[in-house]
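Per TrEMBL, these features apply:
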DOMAIN    15-292  domain 'Major facilitator superfamily (MFS) profile'
TRANSMEM  20-41  transmembrane segment
TRANSMEM  53-72  transmembrane segment
TRANSMEM  84-102  transmembrane segment
TRANSMEM  143-164  transmembrane segment
TRANSMEM  170-188  transmembrane segment
TRANSMEM  219-240  transmembrane segment
TRANSMEM  260-281  transmembrane segment
Amino acid sequence: MFKWFSEISGNERRTFWACFGGWALDSLDVQMFSLVIPAIIAEWSINRTQAGLVSGVTLVASALGGWIAGMLSDRLGRVKTLQWTVAFFSVFTFLCAFAQNYPQFLVLKTLQGFGFGGEWAAGAVLMAETIRNEHRGKAMGSVQSAWAVGWGAAVLLYALMFSLLPGDTAWRVMFGIGIVPALLILYVRRGVQEPAAPAHARQQERTPGVVAGIFSPQVLRMTMIGALLGVGAHGGYYALMTWLPTFLKSERHLSVLSTGGYLAVVIVAFFCGCLVSAQLLDRIGRRKTILT
């Protein structure tokens, strides 16, 4: 399954680990919120609608962040944009630990969302442009599995912090630890090279109005299909997974450890699904894999 990894160059490996680490740490920071919703509701006496607003606004901001980071990637380069987005979401995750009230937390989470969406946009393009064609599907699918790694780390951190500390302190410590992803920038600066895109591609990136090209008649159909698939998959995922920990705690009255164990099953399934899809992408093609 991983034989392909030994066939790629050193730069391709370094880029893979940079993108894998960025997405895993992105997941670590983002998934914290769904785990600590009950503690935040209790501390600030907010209702679930207000808690849901935080999640919704963060996702909308991440979509906008993806657009902005995509344009910056074309102007500043993939590697620089990846560094800036990792720093951005790490800093605002850290600042969430010091929020004194709900409005402050909402603003900080919104800003975190910009970085979250931007990191994936920059990292995905960097990985896709660096890896050779025959291994692109395997590389992209494997990078996607990093979300499960970060999610699992968030659950472990949740179980540890809420077992050792009071709830009103534990969630703040978790967000404080969210500054750790910023250390990835050091690795990216030293080990990752900007992909050598063809000259005509660089020229197109600098052409005014090129972003609107995705809505041209030639590619409009694929743009809409891709957008609908993304909205459906991500919308369904976040609608369920944002509230699953709260449901297990408040409705099923599970302990911290029991909640973590339940989520572990979901996380392992997610991880395996990504790795299987990674293999299928290069074997049977992108469209057939989606239908499968």
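Glycine residues also receive a Cβ, built from the backbone N, Cα and C atoms like all the rest.
Across all of the domain 'Major facilitator superfamily (MFS) profile' (15-292), the predicted model scores a mean pLDDT of 86. Just going by CB pairs under 8 A, the stretch in 20-41, 84-102, 170-188 that sits most against the transmembrane segment (143-164) is 20-41.
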